[in-house]
Each structure stands twice: as C-alpha cells, then as structure tokens.
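*Asks:* The structure that follows is given in the form of structure tokens.
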Amino acid sequence: MSTAQARMRPEDLAVYLVTDTEQCGGPGGVVETVRRALAGGATLVQLRDPHASDEEFVRLGLELADVLTGSGVPLIVDDRVHLVDEIGADGVHVGQSDMPPAQARAVLGPDAVIGWSVTNEAELDATLALPEGTIDYLGLGPMRATASKPGHADPLGMARLARLARRSPWPTCAIGGVTSRDAAALKASGVDGMAVISAICGTDDPEAATRELTEAWARAPRIANVLSIAGSDPSGGAGIQADLKAFSANGAYGMCVLTALTAQNTRGVSDVHPVPLDFVRAQLDDIVSDVRVDAVKIGMLASAALADTVGEYLAGPFADLPVVLDPVMVATSGDRLLDADATGAVRALMPLADVITPNLPEAAVLLDLPEARTLDDLRDQARRLVAAGARGVYVKGGHLDAGATRTERVSGAPDDTHEGRLATDVLILDGQEHVLTAPFIETRNTHGTGCSLSSALAALRPQRTDWVETARDAKAWLTGAIAAADTLQVGGGHGPIHHFHALWDR
Ligand SMILES: Nc1ncnc2c1ncn2[C@@H]1O[C@H](COP(=O)(O)OP(=O)(O)O)[C@@H](O)[C@H]1O
Ligand SMILES: Cc1ncc(COP(=O)(O)O)c(N)n1
Ligand SMILES: [Mg+2]
C-alpha cells in the first residue's frame with residue numbers, strides 16, 4: 001500500500017494512549033482522562049477494558065468517539081472486532097490470542113485500521129506472511145514486565161525491540177511499561193511511537209503526563225551524535241579510528257576531536273605528538289557551537305594539561321550528557337600513552353564521567369595499588385574506584401589470568417553455564433555490582449578492544465534505557481568483534497578486532 005493511502009500514519013503512533021478503566025477510576029474517569037490526554041497532545045487513543053460487558057464497552061466507546069470528534073485523533077478499540085462499527089471507531093487492535101487479523105480484515109472491510117501485537121521474531125515472521133493490506137501497524141512488546149500483562153514474562157529489551165522495528169514494513173509502537181524516560185531510547189530504536197497505559201492513566205494529571213511524553217518524543221533524536229575525544233592510531237585499530245568504527249557499527253553518528261597523533265602500528269607506539277591545547281579547544285568549540293551532542297567518549301589524553309582542558313568541557317557544555325571515560329594509560333603493546341605526571345589529572349575527571357572503563361593496569365595506577373590478580377581483587381578495586389569519586393565503574397578483566405577467570409565463576413553471571421575460560425568485567429552503578437561475562441576468545445588480535453568497548457558504551461547509551469542494558473549489549477557486540485578479528489589480516493603484532501562483524505556478510 002502506498003503511503004498516500006495508508007490507513008495509519010507513523011506520526012499517529014507517537015503517543016498512543018491505551019485506557020485502563022480501573023486506573024482511571026471508572027468509566028467517567030476514562031472519558032476525563034482521554035479529554036485531558038488530548039489536550040496534552042496524545043496522537044491516538046485505544047479503548048481497552050477486558051472486564052466490561054459489551055453494553056458498557058459500547059457506552060464508553062460512544063462517549064470517547066464524541067470526545068475525539070474533530071480532533072483528528074483516531075479511536076481504536078481493543079479486541080472487540082464486532083463493536084467497531086457500532087462505536088464508530090477507526091479500527092481495532094488484536095493480540096495473538098484474539099481474532100486473527102485476516103479474519104478481522106474480512107469482517108471490517110478495507111477502510112478500518114487493524115493493529116496487531118508482535119512479541120518475538122517468530123510472530124513477526126508469521127505476520128510477514130499475511131496477505132498485503134491485512135494489518136496497518138504493529139504493537140511491539142512487552143518492552144519490560146508490567147502489571148497489566150502479568151502473564152507476559154519475557155520482556156523484549158531495546159536490542160530485540162530495535163531488531164523487530166527494523167524488520168517491520170509497518171509503522172510500529174512499543175508497549176509495556178513505557179515512560180517518558182524511555183522516549184529517547186525508543187525513538188533511536190526505530191519505533192514510531194510509545195503506547196502507554198500507566199504513564200497517563202496512573203497519574204493525577206493526565207494532561208501534564210501526556211505533554212511530558214509528547215515533548216520527550218519530539219525532543220529525542222532518531223540517530224544519536226556521539227563524540228570521541230581521543231588520539232589517532234594510523235593502523236586503524238585503536239584510538240579515534242576504532243571509536244568511529246565502533247560508533248558506526250552501533251548505530252550512532254560519529255564525531256571526533258583529536259588530542260594527540262601517535263605513530264603506531266599493531267606492534268607498538270613509536271612516537272606521540274600531542275595536539276596543542278588551543279587547537280583542542282578550537283575543535284571542541286566548533287562542535288559545541290554547531291552540533292547537538294548526545295554522548296561523549298574520552299580516550300587518550302596524553303598530558304595533564306589536556307586532561308584539565310577536557311575537564312572544563314565535561315563540567316561545562318557536556319555536563320548533562322552521558323560520558324564514558326576510558327583512562328587510557330598504556331597501549332596493548334605496553335607503550336605509555338599518558339605522561340607519568342598526568343595520573344592525578346585523569347583521577348580528577350572521574351567524578352565528571354558517568355562510567356570509567358579502566359583495564360586492570362589502569363585501575364591499579366588510579367588507585368596506587370598492585371594490579372588485581374583475581375576476580376575478587378577486581379571487584380574490590382571497582383568498589384575502591386567508586387569510593388575514590390567515580391560515579392560508575394566498568395573494570396575490564398581482559399588482562400586477568402586464565403586461571404582466575406576459570407575458577408572464580410560468579411553465580412548469577414549471565415554465562416555461568418559456559419564451559420571454557422571467560423572474559424569477565426565488573427560494573428558498579430548506583431552501589432550495585434554487575435558481573436558481565438563472555439566467552440574468552442583465543443586470539444592475538446585484541447588491539448583496540450578497550451577503545452572499542454568504551455565507544456560502544458557511548459554509542460549505545462542514547463539507544464538504551466539504562467547503563468546496565470547498555471553495558472550488556474556493548475560487551476556482546478565487542479565479543480563478536482573479537483571473535484571475528486582473525487578474519488582481518490592487519491599487521492604482524494596485535495591486530496585489530498572486526499568492528500563490522502555483524503554488518504559485513506562474510
Ligand atoms: N581474548 C578475549 N576474548 C574475549 N573478550 C576479551 C578478550 N580480551 C579482552 N576482552 C574483553 O575486551 C574488553 C577490553 O578489555 P581489556 O583488554 O582488559 O582492555 P584494554 O583493551 O583497555 O586493555 C573487556 O570487555 C574484556 O573482557
Ligand atoms: C591513540 C590510541 N588510543 C588508545 C589506545 C589504547 O588501545 P586499547 O584499546 O588496546 O587499550 C591506543 N593504542 N592508541
Ligand atoms: Mg585500553
């Protein structure tokens with residue numbers, strides 16, 4: 001069907017109110033809630049009341065149709081195909097256990113809107129096989145577990161939601177525990193809107209709640225602009241070259257401000273040429289004066305003066321943005337990338353970042369302690385970094401001894417069924433410890449893993465609802481990139497990882 005004759009425009013799904021008679025305090029409450037949600041900018045309304053009799057449902061439906069007359073906002077009814085015409089609704093939303101969409105289309109004819117719930121890839125596959133023109137939009141969910149669908153155990157999360165949205169030829173909305181705080185991640189995931197129940201019906205001021213949702217949606221970027229402030233690696237595996245690849249591989253638009261040029265290859269770093277401070281400022285000022293920045297990653301800072309300068313921007317124009325600080329000190333080859341007297345200046349940046357991502361040697365230097373040898377040391381050092389002022393800490397265990405990761409299995413870690421050696425990282429956020437594990441891959445090609453991980457974190461944060469989900473997805477992507485590293489043939493030392501492993505079809 002061409003867009004000109006589409007029955008459902010993507011923009012109509014932006015803020016989709018699904019009513020809940022109980023949360024609204026009865027049928028009168030529903031009508032009043034819809035009236036106020038309309039004033040707040042709701043773009044679509046669905047009457048949902050699984051417990052009402054048909055008579056009650058029609059009575060309420062007719063009142064809502066009356067409220068919506070002339071507003072341009074369509075009215076959809078949940079489930080009850082046989083009441084669409086009597087209410088004068090624009091269409092119906094059916095779920096997997098309701099009337100099949102093809103049958104609903106046969107009953108309602110060619111003009112009605114039909115929405116259809118999809119909760120996984122298999123259901124989307126089946127939906128793609130329906131005759132053209134059967135349905136008009138998809139409700140994708142549950143995004144997270146909710147009270148209105150207690151039986152629905154398996155929340156999608158943003159990565160799976162984004163995959164479903166990308167594959168859908170129909171406009172889509174996300175449903176299931178959605179709030180205005182999810183608007184940015186949902187819009188970046190590629191869905192066309194947010195379907196909400198509690199976020200409007202469960203509030204004292206449905207108009208203000210709806211306005212918050214519509215404004216958050218309007219404000220949110222479709223594609224995040226992510227900035228790396230880091231050094232150059234001419235061999236392309238680390239530094240800004242890795243950062244731009246990691247941003248691109250993870251769905252963000254990449255930008256970079258150079259702090260230093262290095263002469264380096266896969267075998268080592270032969271020289272470092274710091275960029276003059278004023279020129280670092282000039283680069284930053286040109287970004288800030290022109291481009292909306294959605295997240296920042298900081299890599300090689302080379303000197304204390306450069307670290308101080310970057311700190312001014314973190315406290316200034318970037319103060320409200322997600323910031324990942326990779327306290328780069330030593331390259332995989334063992335060469336220094338930060339002046340010996342600059343550790344204090346990097347330490348001073350810790351409270352200005354949301355997450356710092358030291359490897360084991362860097363954690364040790366920041367804490368002035370011996371390098372962690374066991375997983376317990378690593379967890380202890382992560383806690384100490386929080387005590388030392390870091391807001392969030394992601395300590396990378398790539399340098400842990402094989403024995404340490406094999407024997408110290410952490411119960412509850414996602415891969416505790418994996419049999420071989422693990423690559424284990426520890427994340428501490430808001431006082432909570434999260435152990436992230438992945439299979440350890442036997443390869444020499446790990447040049448730039450740290451740069452790439454911190455960049456994936458910065459790229460994904462605007463597309464995810466929190467740092468924990470961000471970290472899990474970033475690590476999963478990184479593991480794939482390390483696993484595919486040997487397909488590249490770059491240099492005779494520690495070669496780069498394959499940033500585009502999931503995109504290049506070989
Ligand atoms: N051989 C490997 N197999 C799987 N994951 C690895 C491997 N080496 C490192 N990692 C992971 O890569 C990330 C970067 O870790 P690390 O090598 O410690 O940092 P850096 O590159 O800064 O030295 C971490 O998530 C770590 O667990
Ligand atoms: C310019 C530059 N920045 C950072 C690194 C660290 O690399 P890794 O990601 O392996 O820690 C590097 N080798 N070169
Ligand atoms: Mg590193």
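Every residue gets a Cβ built from N, Cα and C, even glycine.
Annotation source TrEMBL lists 4-amino-2-methyl-5-(diphosphooxymethyl)pyrimidine binding site at ASP78, SER117, LYS149. The Mg(2+) binding site annotation in TrEMBL covers ASP79, ASP98. Under the heading domain 'Thiamine phosphate synthase/TenI', TrEMBL lists 15-200. Taken from TrEMBL, the feature domain 'Pyridoxamine kinase/Phosphomethylpyrimidine kinase' applies to 233-498.
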*Asks:* Long-range neighbours only, meaning 6 or more apart in sequence with Cβ under 8 Å: which ones does SER117 (4-amino-2-methyl-5-(diphosphooxymethyl)pyrimidine binding site) have?
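*Replies:* Expected: HIS93, VAL94, GLY95, GLN96, LEU138, GLY139, LEU140, GLY141, ILE175.
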*Asks:* Would you kindly give the Cα-Cα distance separating ASP78 (4-amino-2-methyl-5-(diphosphooxymethyl)pyrimidine binding site) and ASP98 (Mg(2+) binding site), rounded to the nearest Å?
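*Replies:* Just about 10 Å between their Cα atoms.
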*Asks:* If you count Cβ atoms within 10 Å of the Cβ of ASP79 (Mg(2+) binding site), leaving out that atom itself, what do you get?
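*Replies:* Within a 10 Å radius of the Cβ of ASP79 (Mg(2+) binding site) lie 20 other Cβ atoms.
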*Asks:* Using a Cβ-Cβ cut-off under 8 angstroms and a sequence gap of six or more, which residues of the chain neighbour ASP78 (4-amino-2-methyl-5-(diphosphooxymethyl)pyrimidine binding site)?
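*Replies:* Listed in sequence order, they are VAL18, GLN46, LEU47, ARG48, ASP49, PRO50, VAL92, HIS93.
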*Asks:* Could you give the mean pLDDT over the domain 'Pyridoxamine kinase/Phosphomethylpyrimidine kinase' (233-498), rounded to a whole number?
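*Replies:* A mean pLDDT of 92 is what the predicted model shows over the domain 'Pyridoxamine kinase/Phosphomethylpyrimidine kinase' (233-498).
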*Asks:* Taking the Cβ of ASP98 (Mg(2+) binding site) as centre, how many other Cβ atoms lie within 10 Å?
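*Replies:* There are 17 of them.
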